[in-house]
Amino acid sequence: MPLKTKKFLEKKLPITQWLPRYSKEDVVADFIAGLTVGMTMIPQSVAYAALAGLKPQYGLYTAFIGSFTYVFVGTIKEVSIGPTSLMSLLTFSYVVGKPVEYAILLTFLAGCFELAMGFFQLGFLVDFISPCLTSGFTSATSIIIIIAQLKNLFGIRVKCHSTFPALKETIYELKNTQLGDALLSVFCIVFLLVFKQLTKIKTTSPRSKKTLWFLSISKNALVVFLSALISYIWYSNLGTTPFRLTGPVPRGLPSIGPPPFHVETNNSTVNFVDMVVSLGSGIMVVPIVAVLANVAIAKAYSQDAIVDASQEMMSLGLCNIFGSFVKAMPSCGAFTRSSVASSSGVRTPLQGIYSGLVIIFALSFLAPFFFYIPRASLASVLIVAASSLIDYEIFLILWKSSKPDFFVATITFSLGILVSVEVSIVIGAVLNGLILLKSWARPNILIETRAVGENGLKYLYIKPELGLFYPAADYLSERLKKAHKEYPSIPIAVDCSGFLQIDYSGAKSVEALLKAFKMEIIFINVHERVMKVLQSLLGEELSTLCRTSNEVTFPIKTQEETPLINGQEDRRYSLERIDIRKGSLCDLE
């Protein structure tokens, strides 16, 4: 096999890199991790399907196909693709009141969008989404999930789907609270919170430590199992239960077929175009949010390795495209499952095979048991999980450290709560971009006088932080002219260590500066690529340029034609051995 073809396959099919080295120890470790993750995914899948307004089986279909697909194309061993609270909430917002076919088509279209982003190597775009935006969005989403699940917590019926109208109706309907659901919710939430703290219990016994750890990570499965068992016993003896139940779940695997490109509803056929129009911005918002979540998890568990965001886009795209053929809902990775996999000692992405088999086992043999799962127990699982995602501290930290980032996080959070999650993402990204553009257009510029040499000769030291691009060219020119007015008789030295690149407008701005000042401007610490641009554009009008300030000799013109610097001021910005000579470009030895 040609070397280029081999490298291409290893990049696009990461399984070809680690599978030849797969050992017996890896099998055992991945089996344990996969089994543990699978047990975690079962209650999550049922709960997240309910959050999306779908029947439980669709969450389980999503779980097993995502687990299987990521084994072959995934790059991070801890990532487990399946339903998540974030994807479920977004799915619900776009398919509420519509047939399930809309959710399946959304899965397919989201997968195509993700695959296209990966194919065109757009992974770098993820770097433009700041953590403050993600924190604000995630916190808003978590609160929306909590509000949406209050109705199941108290066993009441709420028709409104918007956040605040739903909260208002929930408060109004509290008078109809079902005592059984409310008591069960209290039990489940206390159970989950207590079991969450088990790993903090100090013990010297390794066996006890492992037992506490296993009980802690299995808390969701345990609370759902116990609740369903109580419901089953009650139903078997009395023919009814005091809880609202999940309902029947069909046994077995889904039929495999292409996603629906039309749907029959209300005695009419809705074609593909109309379905796409109905899904609206969800076709872009859902995949973008999924990619952000997946890359964030990948970075958290990459162990200082470089994350290939474009490959993660392609992996996620394939998971969703294949998922649409088995009636899955939109999916991505989840921090909770990744944490379980990591703490379980996962070795490779092959753990997804084992976790997927656990889901298939549940669909094949445990489906009748899902009927007895109380909705209150699933709501408790979602509320406890969502509450842990609310980042309270980030707002205080940003307020103290960065007001612009605090502004972005606050606006994103507020819009997510008050308007919608998709609007909050768009506005937050725009604000994030404006702040980034402002830093390019108005970079911080250090301007100070410095004295060097035995005689303490002064010069004007200028250091912009970022590269000289056209938005900042005029700004730098204005600051230089203003500084020169205050100190008209001393030379000017511009430190270009922050100039990694320069565009045409920036170079023309340098030309304008040379014409504006009578004395020559010294540009120190000039990068090679910047030097080439200036040299090619300005030619003879080029001022004095130096790649480094250490041990170089270059010309400088002052009114008295005397050396500017004869010694060294400090370690970082020293200008050494500067003589008066004619010339335009200093050479490095």
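Just so it is clear, glycine is given a Cβ too, placed from its N, Cα and C backbone atoms.
Where the annotation comes from TrEMBL, it is an automatic prediction and has not been curated.
These features come from TrEMBL:
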- 31-51: transmembrane segment (TRANSMEM)
- 58-82: transmembrane segment (TRANSMEM)
- 102-125: transmembrane segment (TRANSMEM)
- 132-150: transmembrane segment (TRANSMEM)
- 182-199: transmembrane segment (TRANSMEM)
- 211-235: transmembrane segment (TRANSMEM)
- 275-297: transmembrane segment (TRANSMEM)
- 318-340: transmembrane segment (TRANSMEM)
- 352-371: transmembrane segment (TRANSMEM)
- 378-399: transmembrane segment (TRANSMEM)
- 411-437: transmembrane segment (TRANSMEM)
- 468-535: domain 'STAS' (DOMAIN)
On the DSSP side of things, how many residues of the domain 'STAS' (468-535) fall into helix, strand and coil, could you say? 38 helix, 10 strand, 20 coil
Which of 31-51, 58-82, 182-199, 211-235 contacts the transmembrane segment (318-340) most, counting Cβ pairs under 8 Å: 58-82
Under 8 angstroms, Cβ to Cβ: which one of 58-82, 102-125, 132-150, 378-399 has the largest number of such pairs with the transmembrane segment (411-437)? 132-150
Counting Cβ pairs under 8 Å to the transmembrane segment (58-82), which of 182-199, 275-297, 378-399 comes out on top? 275-297
Is it true that the transmembrane segment (352-371) and the transmembrane segment (132-150) have 3 or more Cβ pairs under 8 Å, skipping pairs fewer than 6 apart in sequence? no
Hey, does the transmembrane segment (102-125) touch the transmembrane segment (211-235), meaning at least 3 C-beta pairs closer than 8 angstroms, sequence gap 6 or more? no
For the transmembrane segment (31-51) and the transmembrane segment (182-199), decide whether they are in contact, meaning at least 3 CB pairs lie under 8 A, counting pairs 6 or more apart in sequence. no
Model confidence over the domain 'STAS' (468-535), averaged pLDDT: 75
Tally Cβ pairs under 8 Å between the transmembrane segment (182-199) and each listed stretch (102-125, 275-297, 378-399), then give the stretch with the top tally. 378-399
